[in-house]
Amino acid sequence: MDSGPLWDANPTPRGTLSAPNATTPWLGRDEELAKVEIGVLATVLVLATGGNLAVLLTLGQLGRKRSRMHLFVLHLALTDLAVALFQVLPQLLWDITYRFQGPDLLCRAVKYLQVLSMFASTYMLLAMTLDRYLAVCHPLRSLQQPGQSTYLLIAAPWLLAAIFSLPQVFIFSLREVIQGSGVLDCWADFGFPWGPRAYLTWTTLAIFVLPVTMLTACYSLICHEICKNLKVKTQAWRVGGGGWRTWDRPSPSTLAATTRGLPSRVSSINTISRAKIRTVKMTFVIVLAYIACWAPFFSVQMWSVWDKNAPDEDSTNVAFTISMLLGNLNSCCNPWIYMGFNSHLLPRPLRHLACCGGPQPRMRRRLSDGSLSSRHTTLLTRSSCPATLSLSLSLTLSGRPRPEESPRDLELADGEGTAETIIF
């Protein structure tokens with residue numbers, strides 16, 4: 001399979017879309033470049049498949065204890081696994097055989113699934129970011145376990161991906177590379193000279209430009225909300241004389257002074273939990289990885305169809321190969337980002353190494369109410385009694401738990417109070 005875009009149209013070297021002005025179809029390829037690509041694709045396939053399967057198996061063991069964030073991570077891992085199996089694997093096999101080996105129906109199905117996995121992965125990331133936006137900026141709407149709105153957010157990316165990928169079925173077919181040559185390959189026929197430019201521009205907007213714009217807007221609002229929350233905490237600290245004196249809640253005058261003039265969604269929940277901020281950081285890193293991996297791919301593709309002077313020789317082919325491989329790397333990055341933020345998702349051997357290499361956890365003292373006190377983390381852990389939940393409370397600078405963050409508040413802060421030893 002060629003290493004160019006998933007909607008290749010012109011019979012150029014390696015079948016890329018980078019040479020709309022090419023006049024002579026090529027029947028050969030750069031074998032050395034193909035060998036390098038095959039090796040890289042095989043590595044990407046192993047890493048993406050292994051990493052995402054590890055995440056799926058770990059989350060699958062939680063059963064009904066899965067939180068909202070668990071569901072989004074699970075489905076994002078599914079979309080990345082789809083990229084590995086429906087995009088990377090066919091591309092690897094196609095590079096090995098050079099020409100497409102299969103009937104016309106298989107040609108159309110492969111092209112459809114390749115773009116579907118790209119749409120699904122992008123839109124699932126967007127849905128997860130929207131969920132984090134709602135959790136931070138509209139917390140009262142998210143004080144619940146996975147509900148109808150959550151499942152709608154998860155189903156929408158799959159549905160949109162299935163619809164937006166349909167043009168692939170009609171554009172691609174098994175056709176002769178050169179009329180009368182008898183050499184067949186899975187190529188596109190747009191019907192109009194402007195077809196490749198229009199289709200590629202629309203796909204770039206739908207998969208990259210518009211989603212990145214929405215992701216940027218969401219994170220701008222999230223950062224703004226967190227800054228306002230920090231302002232509330234700072235004002236409360238100053239009004240309270242530099243710290244909370246007892247386990248009791250701050251006085252009504254303190255709360256009134258610190259929340260006056262702020263939106264109700266900020267004053268209704270006095271703090272954004274550390275676990276929630278951690279999930280925001282994780283999603284933000286995933287977004288950065290997505291942009292870093294796919295920006296070169298779409299930049300080169302747009303350059304090839306909009307610049308008549310774009311190179312159409314070997315240099316362009318190398319650039320297309322590198323850009324396409326960078327896009328595939330995104331499916332490798334995501335599962336390791338999950339595991340980096342959540343050590344419990346690591347496979348057991350890696351988890352053991354992480355435990356041996358890291359600092360030993362502090363001893364926790366059991367409080368009279370059965371909760372656990374720790375100075376560093378806010379974790380929900382399940383005790384030996386199935387019906388009992390013990391909560392580790394983070395302490396303030398004065399060494400005492402935050403009075404306004406009761407165990408119940410922390411459980412409900414992200415709508416994920418039944419999770420087991422997790423940060424989301």
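In case you wondered, yes, glycine gets a Cβ from its N, Cα and C as well.
Feature annotation from Swiss-Prot assigns compositional bias 'Basic and acidic residues' to 401-411.
Counting every protein chain shown, the Cβ of Cys107 (disulfide bond) has 21 other Cβ atoms within 10 Å. Marked as disulfide bond by Swiss-Prot: Cys107-Cys186.
Feature annotation from Swiss-Prot assigns topological domain 'Extracellular' to 1-35 (among others).
The topological domain 'Cytoplasmic' annotation in Swiss-Prot covers 60-71 (among others).
Annotation source Swiss-Prot lists topological domain 'Extracellular' at 94-108 (among others). The residues of the topological domain 'Extracellular' (94-108), classed with DSSP into helix (H, G, I), strand (E, B) and coil, number 9 helix, 0 strand, 6 coil.
The topological domain 'Cytoplasmic' feature in Swiss-Prot is assigned to 131-151 (among others). Confidence across the topological domain 'Cytoplasmic' (131-151), taken as the mean pLDDT and rounded to a whole number, stands at 73.
Annotation source Swiss-Prot lists topological domain 'Extracellular' at 174-201 (among others).
What Swiss-Prot lists as topological domain 'Cytoplasmic' is 223-283 (among others), and the listing cites sequence analysis.
For 304-321 (among others), the entry in Swiss-Prot reads topological domain 'Extracellular', with the evidence type sequence analysis.
According to Swiss-Prot, the topological domain 'Cytoplasmic' annotation covers 342-424 (among others).
Residues or ranges marked as transmembrane segment in Swiss-Prot (evidence: sequence analysis): 36-59 (among others). Counting same-chain residues at least six beyond the ends of the transmembrane segment (36-59), those with a Cβ under 8 angstroms from any Cβ of the stretch are 3, 66, 70, 73-74, 77-78, 80-81, 83-85, 88-89, 91-92, 95-96, 321, 325, 328-329, 331-332, 334-336, 338-339, 344-347.
Non-local neighbours of the transmembrane segment (72-93) in the same chain are 1, 3, 6, 38, 41-42, 44-45, 48-49, 52-53, 55-56, 59-60, 66, 101, 110, 113-114, 116-118, 120-121, 124-125, 127-128, 131, 153-154, 157, 286, 324, 328, 330-331, 334-335, 338, 424; each lies 6+ residues outside the stretch with a CB under 8 Å from one of its CB atoms. What Swiss-Prot lists as transmembrane segment is 72-93 (among others), and the listing cites sequence analysis.
Long-range contacts of the transmembrane segment (109-130) within the same chain: residues 6-7, 69, 72-73, 75-76, 79-80, 82-83, 86-87, 90-91, 102, 153-154, 156-158, 160-162, 164-166, 168-169, 171-172, 186, 203, 206-208, 211, 214-215, 218-219, 283, 286-287, 290, 330-331, each at least 6 residues beyond the stretch ends and with a Cβ under 8 Å from a Cβ of the stretch. Swiss-Prot lists 109-130 (among others) with the feature transmembrane segment, giving sequence analysis as the kind of evidence.
The transmembrane segment feature in Swiss-Prot is assigned to 152-173 (among others); the stated evidence is sequence analysis.
The transmembrane segment annotation in Swiss-Prot covers 202-222 (among others). Within the same chain, residues 7, 115, 118-119, 122-123, 125-126, 129-130, 132-133, 136-137, 164, 280, 284, 287, 291, 294-295, 298, 301-302 sit at least 6 positions outside the transmembrane segment (202-222) and bring their C-beta atoms closer than 8 Å to a C-beta of that stretch.
Under the heading transmembrane segment, Swiss-Prot lists 284-303 (among others), citing sequence analysis as support.
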Tertiary contacts of the transmembrane segment (152-173), as residues 6+ beyond its ends and Cβ separation under 8 Å: 6-7, 9, 71-72, 75, 79, 104, 107-108, 111-120, 122-124, 126-127, 130-131, 186-190, 199, 206
Positions on the same chain near the transmembrane segment (322-341), where near means CB under 8 A and six or more residues out: 3-5, 37, 40-41, 44, 47-48, 51-52, 54-55, 73, 76-77, 80-81, 83-84, 87-88, 91, 121, 278-279, 281-282, 285-286, 289-290, 292-294, 296-297, 299-301, 350, 423
For Cys186 (disulfide bond), the number of other Cβ atoms found within 10 Å of its own Cβ: 24
